[in-house]
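K.L.:
The transmembrane segment feature in TrEMBL is assigned to 12-34, 40-61, 68-88, 94-116.
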Amino acid sequence: MLTYLYVFDMLIYLYVFDMLTYLYVFDMLTYLYVFDMLTYLYVFDMLTYLYVFDMLTYLYVFDMLTYLYVFDMLTYLYVFDMLTYLYVFDMLTYLYVFDMLTYLYVFDMLTYLYVFPMLTYL
């Protein structure tokens, strides 16, 4: 009989399935959920509020504790840091950078380059 793995540790609430590397790991004590399903990935850390998806490098990283959102979707990029109010878009080098803490706005749009350092106007 083939071993498809199934590990259940009820003392520490750990569930590991595998079924020949489809993976599924559930750690109920630390609230960590890892799926994989042959590298579609899905990692959910509910204790630190970190969500990583991937789905074969479409990426999606959400860190809800530091309010950091990274999307990527195969390098269209989109980075939002809500704690420091930094927004970076890119969309394959059209760029768009907004730093709301220092009032710095950089656009670029393939070297038309608009830069507005608004903090120097105060």
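Including glycine, each Cβ sits where the backbone N, Cα and C put it.
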K.L.:
Honestly, do the transmembrane segment (68-88) and the transmembrane segment (94-116) touch, with at least three Cβ pairs under 8 Å and pairs 6 or more apart in sequence?
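P.N.:
Per Cβ check, the transmembrane segment (68-88) touches the transmembrane segment (94-116).
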K.L.:
Which residues of the chain, 6 or more past the ends of the transmembrane segment (12-34), have a CB below 8 A from one of its CBs?
P.N.:
2, 4-6, 42-47
